[in-house]
Each structure stands twice: as C-alpha cells, then as structure tokens.
Amino acid sequence: MSSLEDIKNETVDLEKIPIEEVFQQLKCSREGLTTQEGEDRIQIFGPNKLEEKKESKLLKFLGFMWNPLSWVMEMAAIMAIALANGDGRPPDWQDFVGIICLLVINSTISFIEENNAGNAAAALMAGLAPKTKVLRDGKWSEQEAAILVPGDIVSIKLGDIIPADARLLEGDPLKVDQSALTGESLPVTKHPGQEVFSGSTCKQGEIEAVVIATGVHTFFGKAAHLVDSTNQVGHFQKVLTAIGNFCICSIAIGMVIEIIVMYPIQRRKYRDGIDNLLVLLIGGIPIAMPTVLSVTMAIGSHRLSQQGAITKRMTAIEEMAGMDVLCSDKTGTLTLNKLSVDKNLVEVFCKGVEKDQVLLFAAMASRVENQDAIDAAMVGMLADPKEARAGIREVHFLPFNPVDKRTALTYIDGSGNWHRVSKGAPEQILELAKASNDLSKKVLSIIDKYAERGLRSLAVARQVVPEKTKESPGAPWEFVGLLPLFDPPRHDSAETIRRALNLGVNVKMITGDQLAIGKETGRRLGMGTNMYPSSALLGTHKDANLASIPVEELIEKADGFAGVFPEHKYEIVKKLQERKHIVGMTGDGVNDAPALKKADIGIAVADATDAARGASDIVLTEPGLSVIISAVLTSRAIFQRMKNYTIYAVSITIRIVFGFMLIALIWEFDFSAFMVLIIAILNDGTIMTISKDRVKPSPTPDSWKLKEIFATGVVLGGYQAIMTVIFFWAAHKTDFFSDTFGVRSIRDNNHELMGAVYLQVSIISQALIFVTRSRSWSFVERPGALLMIAFLIAQLIATLIAVYANWEFAKIRGIGWGWAGVIWLYSIVTYFPLDVFKFAIRYILSGKAWLNLFENKTAFTMKKDYGKEEREAQWALAQRTLHGLQPKEAVNIFPEKGSYRELSEIAEQAKRRAEIARLRELHTLKGHVESVVKLKGLDIETPSHYTV
C-alpha cells in the first residue's frame, strides 16, 4: 500500500482503480475522517484552493507610477533635469525633486488605500468562500471547501459547485455541467464509481463522494497553472483612458501653441520657454485621478457590503447606478418564501383518504433535514415533524430537479409492504398518474381558482411497489390530492417598489407560477398587472393575439412574466438589452446562472446556490427587494462622487493650461513651475477626501456621459482661466485694486505678482470642487466635513505662502495680508457664476434648449412661437371689441406641449401617480376587505361604499 506522500505525488491512479481500493489507498472509510486526521492531511496536501501568486510589494508600489498620466509627469521630471539647464542657469533641481515627491506621495496614497481596500475585499470574499457538506467525526456539517483533503466524504446536491476531484459512491446518477472545464455544452451523466471534477456544477441529483484530489492537484488546478488569465478592459477603464487622453491632448495643444509663439515669434530665451512648458505639464495632468476613482469605488464597495450587498466585481457599482430595469424573482425576493397551507382548501381526489392524510403524504415526500421552503412547509404542517418518518423505513429519496419538478420517497411500511409517494408540480403529477381527461380538467379548474386568490398548487400522488426494489416502476400511480400554498408578500415590498419607480427603476416580476398568481401578487404589491406568460412571448407556441406587436416592445412594457423557465430569463434580459436598457437580474438557482451572466448586473439573492453566486456580480446577504434598492441608491452616490471628480479634473486641466498659456503669451510672464507643483500637491491632498464626501444620489439612473463631462469641464475651466487672466491684467496693467481697496501697487513687481496669481489660482481651483459636487446651488448642498476641513487647511497653507514666502528660486515674494484679503474677495465674487454656468450646460445638453428655441419656439418663455398665438388672439379680441362684435372663443391660446419628450415625461408622471394611487388603495379598508375576500374565496358581494 502506498503512503499519502505517493498520493500527493500522483504515483497512484485514483481515477481508474475500483472504489474499494480508493479507500485502501487513502487510508479512510465511508464514515469519513476525524478532525485530527483532516488537520494532519492538510499539512501534507495543503489547503483546497489554488495557489495565489505572491506579488512583490515594491513592484506593486512602482506599478502606480506606470500609467499614461504618470508618464507625462515623469517626462516633466526629465525635462526639469535634462532640458532646463540653458542660459547659464543650473538644472531645475527644485522642480525635479518636487515632481518626484508628487509621484511618490500619489503612489503611497494609492498603495495604502488599495492595500486597505484589498484586505477589506478579501474579508468580504471570505464570506462567499465555497462551502460544502463534509462527514467529519461521524457527523455531517457545512464547512469551507478549503479544509477538504483526500479521503473526505462529501455530499453533492443540485446547484453545488463540486469542491474537489472526487469519486462518486452509491446512489442515483448525477448530471454534471463540465462546460467550464471541458467546453462541453450539455450536462454529462456521472454514475457511481465515476470521477467528478472540481469546478463543475451539479445540475441534477444528489449523492455522496470520496475526495481524491484537492487544490492544485485537481484537474481544474492543473489547467489553471497552464493558462494565464486574460485581462479584459472594462468600461470603467475605457472611461478613465478617454478622460486621461482628453487631458493629455489639451496639454499637448497648449504646449504646441506656446512653442510656436514663444520661440519663432516672440524670440524668448530657451530656458524661459522650457519653464513655461513645465507649468502646463505639471499643472494640467490629473495625476491623482486613478487613485481617487479606485479608492472611491473600494470605499463604496465596503459600504455596500455593510448594507447586505457584496460586490464581486468592483465596476458593477457603476452599472448598478445606471440600472433602469430590475427583473426580480417573486419567490423569496418580493415574497417571504415562508409557505403556509390552508387545510380547509385542500382538495382530495382519492376515496377513503382524509385531508390530513394528503398532508402526511406530502410531508413524507419531503426531506426532514436540509429542507427547501416547500419541504419545510409540508413537514411543518404536522403536529410533530417526526410523523413524516414514523412507522416507516426510508429506502430511497428522489430529490427535486428542474426537469422532473417533483420529489419522491420509496419506503417500507410496518407490514413490510413497499410504497412510493410523490409531490410536485400538478402538471408533472397528472402526467405521472396518467390522469383521465375528466380528472385533469377538474384539477386544472381548481388550480385556476387557487391562482385567482394568489395561491400556488402542489399535487400529491402515491403508488404500491409490489416488486420491492427501488428501481422498479411499481403499480400505476394514484392522484391523491391538491394543496394550496400561500406565500405572503414581504411587508416592505410594496413600499420598495414605489421607491424604485420614483428612482426610475422599473421592477418586472419574474415567476414560474401561473399568470393569475403573478397578477394577484402584482396587484397586492401595486406594481401593475400587465403581465404575460413567457411562453406566449418566447416559447415555440406564441400567442397569435400578440404576434402583431414586436416581442421587444411587449417585454419592455410588461410589469412581469409568469410561467418563466430559466432559458426565458436569458431571452428577457437579452431583449431588454437590445432596447438599450441597463438590466439587473436576480437569481438563486443553478439554472439562473446564464441569465445572471448575461445581465448587466447579476444579483444572487440570499441563500443562492454556489452556481448562482459564481455567475453573479453582486451577492446579497439579506433577503428582500429593499436591500437591492438601497444598493442602487448607494451605487448612485458612489458614482456621483466619481463623476464629480472627473468633471473637476477636466476643468482644472483646462484652467491651468489655457490660463497660464495666455498669461505667458500675452504679457510674457513666466509663472514658476515650482508654485504649480505646490498647487498640485495641496489639491491632491484635498481631493482624496472626495471618496467620503456627502452627496445626493441622482434621482434617475446615471451613467458616464463623456459629452457632459468634457463640455462642463471646458466651460468651467475656460471661465476660471479667463478670470485669472482678467485678475492678472488688473493687477499688472491697472491700479484698480490699489484705487478700490487701498492696497499698495504690485504692477511692476513680478515676484509679488507671482504670489498674487498663485493665491488666486489656488483658491478658485480648489473651490471648484464644491460646484462640481453639487446638483443644485453649491452653497446649499452641505459638503462632507472631511472635504471642508481639507479645503480650509490647504487654503490656509496657500494663503500663508502667498503672504510670507520669500523664495528666490521660485520667484515669489510675500504680498501681505491686505492683498490676500483682496484676492479672497475677488475669488468669492468670481465663484458665484460657476453655478450658473453649470446649470446652463446641463440645460443645453438635455436637448430642451435647442428644442425650445427651434421647434417649440418657447426659449425664455413657456409660450409657443414666443407667444405669437396669444398676441394674435389679443389683437383679434381688441379688433372685435372695437367694432362692437362678440368676442369669439379663443382657441389654442394656452401653451401646448409640442414635444414628444415632454409628452412622454407627462405620461410617465401620470403612470407614477396611478401606481402610487393603486398602492394607497391597498391600505384603505375597501382594498383590505377585497383582498381578504379574494384570498379566502368567499362568495359575497363586497359593498361598493365604505365609511372610514
């Protein structure tokens, strides 16, 4: 017999030898290992997970200096040391050291924050680590898959991702999806004794298995070593690249203009030109942008996890912010998934069988441990759960699977006779019992009555097994009865749906139940009853009445879909995406995985299977719809912070490049590159706090609108550049400030002008963040305390430098407190128009400005054709009155809504009001009575008037 070391070195072929030999080679039994044996073996085989590549901390740190934005700064450093050494002056060591310091500071912050975010993410993902049922010390328990070692006995069931390579023990064949490993699209049937591979998904069946390989020794582990993961460039990275390219191009344009004007035209000295180019390079590059955005997402991701939504993919946050359609499972998300049975409504179809016996048969066909919601409800209806197995001996249990849609128990009674009971979908049980047409019609009519009251149906059948073997087909099945299942809506679902509607998120119900049940649930939740059976839209037998309307339009307008199969979910998502919607999809089962993958945001609900979690982008740890809507709001707040910063970054690039370019070219004033470095360092320190800023989430779905970011940045940055140019002109060429405020003139002192321009640029540049972070007036929306404190500290430092600094190398001299006060006043006065520009850009980009100017002709007034019709009507009225005629009824005097966009907005508002009104009705006495009457099936006339 070989040792465990031989097993580790794979000198023994455990895949092919008989199963009994496997136990001998692994020195284990069908009773599993002890905890001590497991700990000893993990020292030999290592943990059951793939080895993570250890990354050098130094290389990771230096990696933050290796991106296009950093390259520009590094080019500036090379210019400062290599090119800036002409005209008898030494190399620009101060700027070189300053640039290196800026790069190191930025990389250090990035490194620390990403490290913290990585640790937080690792802690969160540990909660999502695959779990498995393992037999240790003779007891079954759920453990992390990482503790598995060869020799462990594990339980595999529907929806599980197989945790290690294993050989199947006795039981029914298993259907396994190996597409992730082998590319086979169809599930493979695995029989007892055969091997199943780590990473494949159980599609059908339940069985025990003995682990033969773990971690890097598995088939999956070996393949992972051979294949390097491909890095897909996400949408977020593309946006980051686009903004970075815009800033770099803006700087390049400014530099080309400076080179053309300064050298051939103005005949400036070589060194002066280099210094001016350095100003544009250092001041224009938003070096902190990758750090700020990644830190903002990491902190936001942590905040989402605290609300019960763990993000597996960081960029899912931006997609969540833009989500406008949410396809939500009914069971467990909109409802409690706590089923109850009204015994009075149970229907019996077998002579000599009581209603209590129907319930007992249903409980017998249920699991007594490791239950799903239906099993728990059936066993819970018994006075004592032990009754489900009292007086019988279990021979074989057939677990639920999506194909058969039923469970079954083969058992031996006290007399030694063999029987089988089954519960499941009525259609499947009717087919199983080969029911007559009359019986089928009767059953289906009762199912419809249940459905009208919002009740699901569960059928029960029984048979005798005279052959007394578990494989035998048995005697004909007998249809025993029908049970009504009530799954009450969550108490917060109706309110959450109303909130979602107000946030611009259309919630569509996805249910496998009948259409009538879906409509009744939709009515109770106030989400509308415009629902379709998915087979009528997407199946092979499509509804002829709907054939004239495009399927995409029907799906887009629907409030929900009933009778949904997993493949329909995928098609629903696909059709909605074709209509340019950002779609979220919830799911919990193995068959939901394709739809979760296809959706822009796949959401695995609480208690989802491993397969669903693996396919999703966000995993919920709390049940219900409210956690999703809270996550939407939080995602929008996170996205708002990122968008605010990108507008700010573009604005600063424009204001620095074109402000200093104009001053350098018009007045040949050479601003100090070192002072621009000081501005950049103080700005970066302040702007890091934006990741924790207080913001108002967008009231509608939001997304990266590069046109808006660039337009806003150019206008705000351009305005600030002009204000700096005007300030410089007033201080350098006029005595306006001296005459108005009584400060001494600095018009002929370039060093003091340097201090004045530095302070003005520093204040107004950093204050711009308060404009870009707010949707309304910037002084109305209170910023976060950290941002405010950072701004005040940075500007106090900037003011002290401007007042007292006397640095010859930076060509700056203190201007005194009088000038500092004047500059602060000038900055405050020029700050206020920034909000107006922001509103104007938003209005122009919305399309309404051009529409009102050219089509509706209502710009600057709400009257069509600029009030032409009203003026004509008034003139006509005056003329008729003048001639003694009766005034004619004025037609079309009042303004019309001539825009399709406005009409659609009005329709949307009306729809919203109708939904809220319907919701409010449910909370009135009338709505409550009608709901109870319908639920109980009472045959009474509900009064038409109520007095409350």
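Backbone N, Cα and C define each Cβ position, glycine as well.
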Among Ser141, Ser198, Ser305, Ser899, find the residue to which Swiss-Prot assigns the annotation phosphoserine.
Ser899
Phosphoserine according to Swiss-Prot, picked from Ser110, Ser328, Ser931:
Ser931
Between the candidate ranges 94-114, 115-135, where does Swiss-Prot place the transmembrane segment annotation?
94-114
Other Cβ atoms within 10 Å is the metric here; tell me which of the binding-site residues Asp588, Asp592 scores highest.
Asp592
Sequence-remote partners of the transmembrane segment (710-730) [C-beta within less than 8 Å, at least six residues beyond its ends]:
246, 647, 649-659, 662-663, 666-667, 669, 736-737, 753, 756-757, 760-761, 764-765, 768, 771-772, 823, 826, 830, 833-834, 837-838, 841-842, 845
The topological domain 'Extracellular' (265-273), counted residue by residue under DSSP: helix, strand, coil:
5 helix, 0 strand, 4 coil
I want to verify one value. Collapsing DSSP to three states, which class is Asp588 (Mg(2+) binding site)?
coil
Cβ pairs under 8 Å with the transmembrane segment (274-291): which stretch of 62-81, 94-114, 244-264, 752-772, 814-834 has the most?
62-81
Cβ-Cβ under 8 Å with the transmembrane segment (62-81): same-chain residues at least 6 beyond its ends:
91-93, 95-96, 99-100, 102-103, 106-107, 110-111, 241, 244-245, 247-248, 251, 274, 277-278, 281-282, 285-287, 289-291, 673
Same-chain residue ranges lying at least 6 outside the topological domain 'Cytoplasmic' (773-784) that approach it to Cβ under 8 Å:
641, 644, 648, 689-690, 692-696, 698, 834-835
